[in-house]
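What Swiss-Prot annotates here:
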DOMAIN    20-304  domain 'Radical SAM core'
BINDING   Cys34, Cys38, Cys41  [4Fe-4S] cluster 1 binding site
BINDING   Trp40, Cys41, Ser42, Gly144, Asp193, Ile194, Lys195, His267  S-adenosyl-L-methionine binding site
DOMAIN    51-83  domain '4Fe-4S ferredoxin-type 1'
BINDING   Cys60, Cys66, Cys69, Cys104  [4Fe-4S] cluster 2 binding site
BINDING   Cys73, Cys93, Cys96, Cys100  [4Fe-4S] cluster 3 binding site
DOMAIN    84-115  domain '4Fe-4S ferredoxin-type 2'
Amino acid sequence: MCLDDKQQGMVFNIQKYSVHDGPGIRTIVFLKGCSLSCRWCSNPESQKSCAELACNPGRCIDISKCGHCLTACPHGAITCGDDDKPRIDRSHCADCSIPCAEVCPAQGLLVYGKKRAVGDVLRVVEQDMAFYARSGGGLTLSGGEPLLQGSFAVALLREARARRIRTAVETCGMVPADTVREAAPHLSYVLYDIKHMNSEIHETQTGLPNARILENFRILAEEFPHLPILARTPVIPGFNDNEKAVAAIARFIKAYPHVNYELLPYHRLGTQKYHFLGREVPMGEVSLNKAVTDGLQKTALDILGERVQIPR
(Lines of atoms letter the chains of each structure in order from A; the text may use other names.)
(Lines give C-alpha, C1' and ligand atoms only; values in the text may rest on other atoms or scores of the structure.)
Protein backbone atom coordinates (compact mmCIF):
# COMPACT_ATOMS: atom_id res chain seq x y z
CA MET A 1 0.00 0.00 0.00
CA CYS A 2 1.36 3.44 -0.94
CA LEU A 3 1.86 5.97 1.83
CA ASP A 4 -0.74 8.73 1.82
CA ASP A 5 1.38 11.65 3.00
CA LYS A 6 -1.73 13.84 3.21
CA GLN A 7 -2.40 12.14 6.55
CA GLN A 8 -1.34 14.71 9.13
CA GLY A 9 -1.38 15.00 12.90
CA MET A 10 -0.61 17.62 15.54
CA VAL A 11 2.91 16.92 16.85
CA PHE A 12 4.52 19.01 19.58
CA ASN A 13 7.91 17.33 19.94
CA ILE A 14 10.17 14.61 18.58
CA GLN A 15 12.73 13.44 21.13
CA LYS A 16 15.65 11.22 20.18
CA TYR A 17 17.83 8.87 22.24
CA SER A 18 15.25 8.03 24.92
CA VAL A 19 15.88 4.95 27.07
CA HIS A 20 12.91 5.29 29.43
CA ASP A 21 9.93 4.84 27.11
CA GLY A 22 10.16 1.28 25.88
CA PRO A 23 12.95 -1.22 25.16
CA GLY A 24 16.28 -0.01 23.80
CA ILE A 25 17.08 3.40 22.35
CA ARG A 26 13.95 5.10 21.05
CA THR A 27 12.65 8.14 19.27
CA ILE A 28 9.53 9.51 20.94
CA VAL A 29 6.93 11.33 18.86
CA PHE A 30 4.68 13.43 21.09
CA LEU A 31 1.13 14.05 19.84
CA LYS A 32 -1.13 16.78 21.20
CA GLY A 33 -4.47 16.26 22.87
CA CYS A 34 -5.66 14.36 25.95
CA SER A 35 -9.10 13.67 27.40
CA LEU A 36 -7.76 13.59 30.96
CA SER A 37 -6.64 16.60 32.96
CA CYS A 38 -4.27 15.01 35.47
CA ARG A 39 -3.19 17.52 38.10
CA TRP A 40 0.40 16.22 37.99
CA CYS A 41 0.78 16.29 34.19
CA SER A 42 4.38 17.08 33.25
CA ASN A 43 3.46 17.95 29.66
CA PRO A 44 0.80 20.66 30.00
CA GLU A 45 1.49 21.70 26.42
CA SER A 46 0.11 18.32 25.35
CA GLN A 47 -3.37 18.70 26.81
CA LYS A 48 -5.08 20.82 24.15
CA SER A 49 -5.41 19.37 20.66
CA CYS A 50 -4.57 22.65 18.93
CA ALA A 51 -1.29 24.55 18.58
CA GLU A 52 -0.58 26.89 21.52
CA LEU A 53 1.43 30.06 21.91
CA ALA A 54 3.82 30.13 24.88
CA CYS A 55 6.26 32.68 26.26
CA ASN A 56 9.71 31.96 27.68
CA PRO A 57 10.65 35.34 29.21
CA GLY A 58 14.21 34.19 29.86
CA ARG A 59 14.88 34.20 26.12
CA CYS A 60 13.17 37.52 25.35
CA ILE A 61 15.61 40.37 24.60
CA ASP A 62 13.08 42.89 26.01
CA ILE A 63 10.16 44.64 24.35
CA SER A 64 11.99 48.00 24.44
CA LYS A 65 14.76 46.54 22.26
CA CYS A 66 12.50 44.67 19.87
CA GLY A 67 8.72 44.79 20.18
CA HIS A 68 7.99 42.92 16.95
CA CYS A 69 5.45 40.69 18.69
CA LEU A 70 3.28 43.65 19.74
CA THR A 71 2.50 44.59 16.16
CA ALA A 72 2.48 41.05 14.78
CA CYS A 73 -0.46 39.83 16.84
CA PRO A 74 -3.65 40.44 14.82
CA HIS A 75 -5.81 40.28 17.97
CA GLY A 76 -3.93 42.71 20.19
CA ALA A 77 -3.35 39.93 22.71
CA ILE A 78 0.30 40.78 23.45
CA THR A 79 1.26 43.73 25.62
CA CYS A 80 4.40 44.84 27.44
CA GLY A 81 4.67 43.90 31.11
CA ASP A 82 6.36 45.87 33.88
CA ASP A 83 9.46 43.70 33.40
CA ASP A 84 9.72 44.69 29.70
CA LYS A 85 8.62 41.18 28.67
CA PRO A 86 5.57 40.07 26.65
CA ARG A 87 2.27 39.45 28.39
CA ILE A 88 -0.24 37.26 26.56
CA ASP A 89 -3.90 37.99 27.21
CA ARG A 90 -5.31 34.48 26.82
CA SER A 91 -8.86 35.86 26.57
CA HIS A 92 -7.90 37.55 23.30
CA CYS A 93 -5.30 35.09 21.99
CA ALA A 94 -6.72 32.88 19.25
CA ASP A 95 -3.73 30.50 19.33
CA CYS A 96 -3.12 31.26 15.69
CA SER A 97 0.43 31.37 17.08
CA ILE A 98 2.34 31.75 13.88
CA PRO A 99 2.60 35.55 13.32
CA CYS A 100 3.81 36.35 16.84
CA ALA A 101 6.26 33.47 17.14
CA GLU A 102 7.65 33.87 13.62
CA VAL A 103 8.78 37.44 14.19
CA CYS A 104 10.49 36.72 17.53
CA PRO A 105 14.26 36.68 16.83
CA ALA A 106 15.16 35.14 20.21
CA GLN A 107 12.45 32.44 20.32
CA GLY A 108 11.03 34.02 23.45
CA LEU A 109 7.64 33.28 21.92
CA LEU A 110 7.25 29.68 20.85
CA VAL A 111 4.55 27.43 19.48
CA TYR A 112 3.67 24.07 20.97
CA GLY A 113 2.25 22.00 18.14
CA LYS A 114 2.66 21.70 14.40
CA LYS A 115 0.82 19.75 11.74
CA ARG A 116 3.15 17.09 10.36
CA ALA A 117 2.67 14.35 7.79
CA VAL A 118 3.36 10.67 8.41
CA GLY A 119 6.28 10.60 6.00
CA ASP A 120 7.79 13.76 7.48
CA VAL A 121 7.74 12.28 10.98
CA LEU A 122 9.16 8.93 9.91
CA ARG A 123 12.02 10.57 8.04
CA VAL A 124 13.19 11.89 11.41
CA VAL A 125 12.60 8.55 13.12
CA GLU A 126 14.57 6.67 10.45
CA GLN A 127 17.70 8.72 11.10
CA ASP A 128 18.52 6.44 14.05
CA MET A 129 17.86 3.02 12.53
CA ALA A 130 21.36 1.84 13.48
CA PHE A 131 20.66 2.56 17.16
CA TYR A 132 17.36 0.69 17.03
CA ALA A 133 18.99 -2.35 15.42
CA ARG A 134 21.72 -2.58 18.06
CA SER A 135 19.55 -1.89 21.10
CA GLY A 136 16.16 -3.36 20.20
CA GLY A 137 14.66 0.13 20.21
CA GLY A 138 12.37 1.95 17.82
CA LEU A 139 9.50 4.44 17.72
CA THR A 140 7.34 5.34 20.72
CA LEU A 141 4.19 7.41 20.36
CA SER A 142 3.46 9.54 23.41
CA GLY A 143 1.55 12.67 24.30
CA GLY A 144 -0.84 13.78 25.55
CA GLU A 145 -2.81 10.73 24.58
CA PRO A 146 -1.47 9.69 21.15
CA LEU A 147 -4.37 7.39 20.33
CA LEU A 148 -6.74 10.35 20.58
CA GLN A 149 -5.43 11.22 17.10
CA GLY A 150 -6.51 7.74 16.10
CA SER A 151 -6.18 7.67 12.32
CA PHE A 152 -2.85 9.54 12.34
CA ALA A 153 -1.40 7.40 15.14
CA VAL A 154 -2.43 4.16 13.43
CA ALA A 155 -1.02 5.40 10.11
CA LEU A 156 2.31 6.18 11.81
CA LEU A 157 2.44 2.78 13.49
CA ARG A 158 1.47 0.89 10.36
CA GLU A 159 4.03 2.65 8.18
CA ALA A 160 6.75 2.31 10.81
CA ARG A 161 6.22 -1.44 10.95
CA ALA A 162 6.29 -1.55 7.15
CA ARG A 163 9.74 0.07 7.40
CA ARG A 164 10.84 -2.56 9.95
CA ILE A 165 10.78 -0.16 12.90
CA ARG A 166 9.65 -1.58 16.24
CA THR A 167 6.76 0.41 17.68
CA ALA A 168 5.42 1.29 21.11
CA VAL A 169 2.74 3.54 22.53
CA GLU A 170 2.38 5.31 25.87
CA THR A 171 -1.34 5.49 26.56
CA CYS A 172 -3.71 6.37 29.37
CA GLY A 173 -6.39 4.26 27.68
CA MET A 174 -9.03 7.00 27.56
CA VAL A 175 -9.84 6.43 23.89
CA PRO A 176 -12.47 4.51 21.91
CA ALA A 177 -12.11 0.72 22.07
CA ASP A 178 -12.14 0.54 18.27
CA THR A 179 -8.99 2.68 18.18
CA VAL A 180 -7.24 0.33 20.60
CA ARG A 181 -8.16 -2.67 18.47
CA GLU A 182 -7.03 -0.90 15.30
CA ALA A 183 -3.67 0.13 16.74
CA ALA A 184 -2.75 -3.10 18.55
CA PRO A 185 -1.75 -5.20 15.49
CA HIS A 186 0.84 -2.56 14.58
CA LEU A 187 2.44 -2.40 18.03
CA SER A 188 5.49 -4.20 19.40
CA TYR A 189 5.08 -2.91 22.97
CA VAL A 190 2.58 -1.01 25.12
CA LEU A 191 3.17 1.25 28.12
CA TYR A 192 -0.23 1.58 29.82
CA ASP A 193 -1.01 3.96 32.68
CA ILE A 194 -3.28 2.71 35.45
CA LYS A 195 -3.56 5.49 37.99
CA HIS A 196 -6.21 4.22 40.41
CA MET A 197 -8.73 1.37 40.65
CA ASN A 198 -11.34 3.49 42.48
CA SER A 199 -13.27 5.33 39.78
CA GLU A 200 -14.50 8.15 42.01
CA ILE A 201 -11.03 8.91 43.34
CA HIS A 202 -9.66 8.65 39.80
CA GLU A 203 -12.14 11.27 38.61
CA THR A 204 -11.24 13.76 41.35
CA GLN A 205 -7.65 14.06 40.11
CA THR A 206 -7.92 13.35 36.38
CA GLY A 207 -11.34 14.76 35.51
CA LEU A 208 -12.85 11.46 34.31
CA PRO A 209 -13.80 8.04 35.73
CA ASN A 210 -11.69 4.99 34.88
CA ALA A 211 -14.18 2.46 33.44
CA ARG A 212 -13.09 2.95 29.84
CA ILE A 213 -9.42 2.84 30.82
CA LEU A 214 -9.78 -0.51 32.58
CA GLU A 215 -11.91 -1.95 29.77
CA ASN A 216 -9.36 -0.98 27.13
CA PHE A 217 -6.63 -2.56 29.25
CA ARG A 218 -8.64 -5.80 29.31
CA ILE A 219 -9.06 -5.62 25.53
CA LEU A 220 -5.30 -5.35 25.00
CA ALA A 221 -4.41 -8.00 27.57
CA GLU A 222 -7.07 -10.54 26.57
CA GLU A 223 -7.48 -10.05 22.81
CA PHE A 224 -3.76 -9.53 22.10
CA PRO A 225 -2.07 -11.89 24.59
CA HIS A 226 1.25 -11.94 22.73
CA LEU A 227 1.64 -8.15 22.93
CA PRO A 228 4.04 -7.19 25.77
CA ILE A 229 2.48 -4.66 28.14
CA LEU A 230 4.11 -2.61 30.88
CA ALA A 231 1.44 -1.22 33.21
CA ARG A 232 2.64 1.91 34.97
CA THR A 233 1.39 3.88 37.94
CA PRO A 234 2.58 7.43 38.60
CA VAL A 235 2.84 7.65 42.38
CA ILE A 236 1.16 10.95 43.29
CA PRO A 237 1.14 12.51 46.78
CA GLY A 238 -2.34 12.54 48.29
CA PHE A 239 -3.82 10.48 45.46
CA ASN A 240 -2.40 6.97 45.24
CA ASP A 241 0.73 7.06 47.42
CA ASN A 242 -0.62 4.39 49.74
CA GLU A 243 -0.47 0.62 50.03
CA LYS A 244 -4.20 0.10 49.41
CA ALA A 245 -4.16 1.89 46.04
CA VAL A 246 -1.02 0.20 44.72
CA ALA A 247 -2.04 -3.24 45.97
CA ALA A 248 -5.41 -2.96 44.18
CA ILE A 249 -3.69 -2.17 40.88
CA ALA A 250 -1.14 -4.96 41.33
CA ARG A 251 -3.89 -7.51 42.04
CA PHE A 252 -5.76 -6.39 38.91
CA ILE A 253 -2.62 -6.86 36.80
CA LYS A 254 -1.77 -10.22 38.36
CA ALA A 255 -4.48 -11.92 36.28
CA TYR A 256 -2.45 -11.24 33.11
CA PRO A 257 0.90 -13.10 33.22
CA HIS A 258 2.39 -11.24 30.23
CA VAL A 259 1.89 -7.83 31.88
CA ASN A 260 4.73 -6.28 33.90
CA TYR A 261 4.39 -3.38 36.33
CA GLU A 262 6.31 -0.21 37.13
CA LEU A 263 5.85 2.56 39.68
CA LEU A 264 6.85 6.05 38.54
CA PRO A 265 7.68 8.46 41.39
CA TYR A 266 6.10 11.92 41.15
CA HIS A 267 8.39 14.69 39.87
CA ARG A 268 8.06 18.40 39.14
CA LEU A 269 9.99 18.56 35.86
CA GLY A 270 7.17 20.17 33.86
CA THR A 271 6.45 23.13 36.13
CA GLN A 272 8.27 25.69 33.98
CA LYS A 273 6.05 24.87 31.01
CA TYR A 274 2.94 25.78 33.02
CA HIS A 275 4.44 29.23 33.51
CA PHE A 276 5.25 29.51 29.79
CA LEU A 277 1.57 28.83 29.06
CA GLY A 278 0.36 31.33 31.67
CA ARG A 279 -1.09 28.65 33.94
CA GLU A 280 -0.81 27.89 37.62
CA VAL A 281 0.93 24.65 38.63
CA PRO A 282 -1.96 22.48 39.95
CA MET A 283 0.20 20.45 42.35
CA GLY A 284 1.92 23.46 43.86
CA GLU A 285 5.11 22.70 45.79
CA VAL A 286 4.30 19.18 46.98
CA SER A 287 6.94 16.47 46.75
CA LEU A 288 7.12 12.70 47.22
CA ASN A 289 9.16 11.07 49.97
CA LYS A 290 11.47 8.39 48.55
CA ALA A 291 10.74 6.17 51.54
CA VAL A 292 7.08 6.11 50.45
CA THR A 293 8.02 4.97 46.96
CA ASP A 294 10.34 2.29 48.34
CA GLY A 295 7.55 0.96 50.55
CA LEU A 296 5.13 0.82 47.63
CA GLN A 297 7.72 -1.00 45.52
CA LYS A 298 7.75 -3.68 48.22
CA THR A 299 3.94 -3.85 48.16
CA ALA A 300 4.00 -4.43 44.40
CA LEU A 301 6.84 -6.96 44.65
CA ASP A 302 4.95 -8.96 47.28
CA ILE A 303 2.04 -9.38 44.83
CA LEU A 304 3.76 -9.57 41.44
CA GLY A 305 7.29 -10.67 42.23
CA GLU A 306 9.78 -10.41 39.37
CA ARG A 307 7.14 -8.85 37.12
CA VAL A 308 7.80 -5.52 38.87
CA GLN A 309 10.29 -3.35 37.01
CA ILE A 310 12.39 -0.87 38.97
CA PRO A 311 12.73 2.48 37.11
CA ARG A 312 16.21 3.07 35.69
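Numbering starts at 1 and runs along the chain as displayed.
Placed from the backbone N, Cα and C atoms, the Cβ positions cover glycine too.
Location within the structure of each feature annotated in Swiss-Prot.
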{"residue": "Cys38", "record": "[4Fe-4S] cluster 1 binding site", "Cβ within 10 Å": "23"}
{"residue": "Cys41", "record": "[4Fe-4S] cluster 1 binding site", "Cβ within 10 Å": "20"}
{"residue": "Ser42", "record": "S-adenosyl-L-methionine binding site", "Cβ within 10 Å": "15"}
{"residue": "Cys66", "record": "[4Fe-4S] cluster 2 binding site", "Cβ within 10 Å": "17"}
{"residue": "Cys69", "record": "[4Fe-4S] cluster 2 binding site", "Cβ within 10 Å": "25"}
{"residue": "Cys73", "record": "[4Fe-4S] cluster 3 binding site", "Cβ within 10 Å": "24"}
{"residue": "Cys93", "record": "[4Fe-4S] cluster 3 binding site", "Cβ within 10 Å": "18"}
{"residue": "Cys100", "record": "[4Fe-4S] cluster 3 binding site", "Cβ within 10 Å": "26"}
{"residue": "Gly144", "record": "S-adenosyl-L-methionine binding site", "Cβ within 10 Å": "28"}
{"residue": "His267", "record": "S-adenosyl-L-methionine binding site", "Cβ within 10 Å": "12"}
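Cα distances from His267 (S-adenosyl-L-methionine binding site) to the binding-site residues Cys38, Cys73, Cys104 are smallest for Cys38. With Cys104 ([4Fe-4S] cluster 2 binding site) as the anchor, the candidate binding-site residues are Cys34, Ser42, Cys73, Ile194, and the one with the nearest CA is Cys73. Within 8 A of the CB centroid of the [4Fe-4S] cluster 2 site residues Cys60, Cys66, Cys69, Cys104, the other residues of that chain are Ile61, Ile63, Gly67, His68, Pro86, Val103, Pro105, Ala106, Gly108, Leu109. Long-range contacts of the domain '4Fe-4S ferredoxin-type 1' (51-83) within its own chain (CB-CB distance under 8 A, at least 6 residues past either end) are made by residues 10, 32, 45, 89-90, 92-97, 99-114, 273, 276-278. A gap of 25 Å separates the Cα atoms of Ser42 (S-adenosyl-L-methionine binding site) and Cys100 ([4Fe-4S] cluster 3 binding site). Over the domain '4Fe-4S ferredoxin-type 2' (84-115), the average per-residue pLDDT in this prediction is 89. Per-site Cβ counts within 10 Å over the binding-site residues Cys104, Ile194 peak at Ile194. Taking only the Cα positions, the spacing between Cys66 ([4Fe-4S] cluster 2 binding site) and Cys100 ([4Fe-4S] cluster 3 binding site) is 12 angstrom. Cys69 ([4Fe-4S] cluster 2 binding site) falls within a helix when secondary structure is assigned with DSSP.
Residues Trp40, Cys41, Ser42, Gly144, Asp193, Ile194, Lys195, His267 are listed as the S-adenosyl-L-methionine binders, and the farthest two of them sit 17 Å apart at their Cα atoms.
Apart from the site residues Cys34, Cys38, Cys41, the chain places the Cβ of Leu36, Ser37, Trp40, Asn43, Pro44, Ser46, Gln47, Gly144, Cys172, Thr206 no farther than 8 Å from the centroid of the site's Cβ atoms, the recorded [4Fe-4S] cluster 1 location.
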